[in-house]
Amino acid sequence: MNANNNGKNLSDRDIELLVGRLLRTGVITASCIVLLGGILFLIQHGSAPMPSYHHFNGEDSSFTTFGGIISSTLQFNAKGIVQFGVMVLIATPVLRIALSLLGFALEKDKLYVIITTIVLCVMLFSTIGGLKL
Amino acid sequence: MTILTFTIILLVGAYLAGLVGSLTGLGGGVVVIPLLTLVFHVDIRYAIGAALLASIANSSGAASAYVKEGITNIRLGMFLEIATTVGAVIGALLAVYTPTNTIAILFGCILLFSAAMTLRKKNQVALTEGSKTSEFLKLNGSYPTPAGPVDYKLKNVGAGFSIMTLAGILSGLLGIGSGALKVLAMDSTMHIPFKVSTTTSNFMIGVTAAASAVVYLQRGYMDPAIAFPVVLGVLGGAFTGARLLKKLDPKVLRYIFCAAIVFVAAEMMYNGFQHKF
């Protein structure tokens, strides 16, 4: 609990607090964006009949690519805004890894800088590695 | 049914899923998938996409509190995330080639396993002798208890790492946090006290789910109209659940929920065998 059990834990503790704050901020921000987009979506399409989700059709590219989501958000497209919130939500744990990397670097913990970099690379690989089949 | 009605019913359902998920410790995603597929007849891959988002929201929300209390072992989580993220990407790739009925049957099996895991005896004992690998990787730590900080060490790092890879694959394939498998790896295999293993598992779920969520998003399996009520509902339910947990002893509830989950698992598997997905 308290940071004075030994010197090493002092910076560990700071990182923990920072990570905790980042996670909470990320989730709250994402939820607010999703809520905003969702309300807008219901106002515009609420009375339309429910589409069939029984068969997979896939979303079009304005809701699956980074550029597409950003541009439909800027056009105030309700689904685009929800998808933007979804992106913020997915980005939250990725940012957490980046923050941990910075923390381990400041602590000069080489082993964990390497370990964290590996995890970050896997995440980047799945984001931009052309996994869209 | 209009979109508005669908949204409201889904919001209530997701809220209950989040509530049940947090009271049993199973996580909201596990309950969202049967809700979407069995009740709303949504394609299981849309359901997986939504459940992954619910897992990220849940994990990040809960982890922020545990991290602040200093129970979570961040180094251990970071190290094991190599296994879970690689596994999650593999799982998400496998999902394209796996028939949906197979996914449903597999999901039922994992659900049964998870139910059994919530009823097991928990490891409370902290090891005093750790393995060399755990020493080298700086995985040993301490966590606060009412009686003061307790030091713990761990062993079987390799075996734990392997189970984590499997947990990652299943997470990407089925859209769940695989909390039960993560706890099996840490608690039963690496001999970590359960308070540390459950919170560290929770901490890792967000990253694991995000690794495969990106793949699902790019493939078009994240539908905004489903994602929106599911994410908000599950988060709200989990929040209520966390508050309720402080007031009541969930032991009896756990048995009831586990019975219900066994029923749901049987239903998923039956429908899978009948090729209804």
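All positions are counted from 1 along the displayed chain.
The backbone N, Cα and C atoms fix where each Cβ goes, glycine too.
Those TrEMBL annotations? Automatic predictions, nothing curated.
Feature annotations, courtesy of TrEMBL:
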TRANSMEM  B:7-40  transmembrane segment
TRANSMEM  B:46-67  transmembrane segment
TRANSMEM  B:79-97  transmembrane segment
TRANSMEM  B:103-119  transmembrane segment
TRANSMEM  B:161-181  transmembrane segment
TRANSMEM  B:201-218  transmembrane segment
TRANSMEM  B:225-246  transmembrane segment
TRANSMEM  B:252-273  transmembrane segment
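Segment contact is absent for the transmembrane segment (B:46-67) and the transmembrane segment (B:252-273), given fewer than three CB pairs below 8 angstroms at sequence separation of 6 or more. Two recorded stretches are said to be in contact when at least 3 C-beta pairs lie under 8 angstroms, sequence spacing 6 or more; the transmembrane segment (B:79-97) and the transmembrane segment (B:161-181) meet this definition. Beyond its flanks by at least six residues, the transmembrane segment (B:252-273) meets 20, 23-24, 26, 30-31, 34, 37-38, 101-105, 107-109, 111-112, 114-116, 118-119 of its own chain at Cβ-Cβ distances under 8 Å.
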